[in-house]
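Enquirer: Before I ask anything, let me first share the structure, which is written out below as structure tokens.
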Amino acid sequence: MDTQAVRAYLLDLQDRITTAASALDGGTFVTDAWEKPPTERLRGSGRTRILEGGALLERGGVGFSHVMGDTLPPSATANRPELAGRGFEAMGVSLVFHPRNPYVPTVHMNVRCFVAVRSDAAPVWWFGGGMDLTPYYGFTEDASHFHRTCQGALAPYGDELYPRFKQWCDDYFYLKHRKEARGIGGIFFDDFAELGFERSFEMMRSVGDAFLPAWLPIAEQRHATAYGERERAFQAYRRGRYVEFNLVFDRGTLFGLQSGGRAESILMSMPPVANWRYDWQPEPGSPEAALYTDFLPARDWV
């Protein structure tokens, strides 16, 4: 179990993604290297990269973190109660890109490795991650491209993984109180160890490496599309759903805050502008209504 190899991969992935996104945007990611004091309950370090006010990205963050703690927080043991009381080591890259143009979808990607340790037992490790797309104005060809790229990343590791991880994503990124999906999904996995460490790590790398091919062509095609105040207002309204999900349901956000993580890095996933309108409904037959009827309901995109 070579966690240093995982760390090296994650740092390189962060470099590659920020380089490509910066080239398309024309702006520069600011790097904020941080380290937790050894006296705090959560120890470790990380490297947050953020671009705000760009031509493409109104706000985009790509964070790397490598942290350790003496006791797993409740969010990490909810599905694994046998691990309660163990110490842990966690490392990962997480990103959220909130584009300025409403025709470019918001995108989220995360890959991570987790090790739960106890002095009198063997370490328990697993990988997690995935990526998902949140359009404001949907295009079938974009959704199909994104899902086909996810499917291709998983294909070498078993044909059953894509439909399994897609369903997991559809179930996970769902706002129960709204009875609607956050977006058009993608793939999501957690507690994954079934291929052995090396092969599971390879699968995680394949997912991480698929992010740029999945999202960048969509951004390149849509970022120059003309838009007005109507589209920006709808984008801000739908971003409100993103805020609701991240603060109420997201396991990564809850884990970070419960374990004493760095709030600025954890909350970089928040959109720069969002709003709420009481009982707002889209005009029937409008492009905004099409998001609800044609894109948010779970469906097969490949």
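Every residue, even glycine, has its Cβ placed from backbone N, Cα and C.
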Enquirer: Per Swiss-Prot, which one of SER94, SER119, SER286 shares the substrate site with ASN110, VAL111, ARG112, GLY260, GLY261, ARG262?
Expert: SER94
Enquirer: List the residues of the same chain that sit at least 6 positions away from ARG262 (substrate binding site) in sequence and have their Cβ under 8 Å from its Cβ, in sequence order, or write 'none'.
Expert: TRP34, LYS36, GLY46, THR48, SER65, GLY256
Enquirer: Max Cα-Cα distance in Å among SER94, ASN110, VAL111, ARG112, GLY260, GLY261, ARG262, the residues listed as binding substrate?
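Expert: Among the residues the record ties to substrate, max Cα distance equals 20 Å.
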Enquirer: Of GLY260, GLY261, which of the binding-site residues has the most Cβ neighbours inside 10 Å?
Expert: GLY261
Enquirer: Given the binding-site residues HIS108, HIS147, HIS177, which one's Cα is the least distant from that of SER94 (substrate binding site)?
Expert: HIS108
Enquirer: Counting by DSSP secondary structure, give me helix, strand and coil numbers for the region 'Important for dimerization' (242-277).
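Expert: Going by DSSP assignments, the region 'Important for dimerization' (242-277) contains 22 helix, 0 strand, 14 coil.
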Enquirer: Taking Cα atoms as reference points, which of the binding-site residues HIS98, HIS108, HIS147, HIS177 is nearest to GLY260 (substrate binding site)?
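Expert: That would be HIS108, the closest of HIS98, HIS108, HIS147, HIS177 to GLY260 (substrate binding site).
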